[in-house]
Amino acid sequence: MPDRGGENGASCSVGRWSAEEARAIYNLPFNDLLFRAHGLHRENFDPNRIQLSKLLNIKTGGCPEDCGYCSQSASAENGLKASKLMEIETVLEEARKAKAAGATRYCMGAAWRSPKDRDMPALTHMIESVKAMGLETCMTLGMLDSDKAEKLADAGLDYYNHNIDTSERFYPAVITTRSFEDRLDTLANVRNAGIKVCSGGILGLGEETEDRIDMLVTLANLPEPPESVPINMLIPMPGTRLAKAAPVDPLEFVRVVALARILMPKSHVRLTAGRTAMSDEMQALCFFAGANSLFMGDTLLTAANPGDDRDSSLLRRLGIQAETEQPA
């Protein structure tokens, strides 16, 4: 099978990867798959450095979307109360703490279908102020039209996160209030505004292996692949439609990380939700397969996260350093 990574693992162009090609790679013997993924990882990144990111929930709950996995959906039966948009100084204080703890990327998330005009001045102020601290900025605010994307770009936003979640085929089983095409439209608006794209998906929604492969093929075959690809493992949240979802096989999760690295060799592949359920050994395999970013802290939106102490211990044992640290 030819190595479709291109010269030095260059990213693929439109339509480059077929589902059949991706499936053949995914189904390689496990060691062969990881060997290929790790080789591309080394060509494009330092395998012993990782980016630490911090995610802050700047507006919690009350989202009108019906995403079956999300505790912040208004349809979730969990008693979560909607909050107002966080005060700017509180956001900045949390950003200072994140930077002091080693984060180089700061993501701000709001539980909205899309941001309203009245919220844009506060959002742009947050972006400008966080960037002034020397942090890379990211926001995830729901759908964006071209005008709002331009406003965020003008404020200096580095990344916008908007996951496609799963394959187009399986998507309607998870969400009915916004279409798969709506998500792709937002990604196009973000890209056209000159903001880098952060988009990935969630494993454990009830999807098949084919859906996981197709999700990654969709992302890899965008006009420009996302610079950032978060791979989430579902945390079943009480009160959501997927509260009793079956767990994901750990080795299948690692395979998805490896496939993401192969299809999008120049992208940051981010281990995001679900790490509290992952063993240290599973996370180590993910890093070997090409994951090179994680979210620090005790919480991730409304879900638990391993916390800085466990992460520091794991990275130290693996000899992996944060991007802000000086090599030993």
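Every residue gets a Cβ built from N, Cα and C, even glycine.
When Swiss-Prot records C138, C198, R270 as binding [2Fe-2S] cluster, the matching candidate from C107, C286 it lists for that site is C107. The Cβ centroid of C107, C138, C198, R270 marks the [2Fe-2S] cluster site; residues of that chain outside this set whose Cβ lies within 8 Å of it are S53, L55, R105, T140, Y159, N161, S228, P230, given in sequence order. Separating the Cα atoms of C198 ([2Fe-2S] cluster binding site) and C70 ([4Fe-4S] cluster binding site) is a whole-number distance of 19 Å. Geometry remark: C70 ([4Fe-4S] cluster binding site) versus C107 ([2Fe-2S] cluster binding site), CA distance 18 Å.
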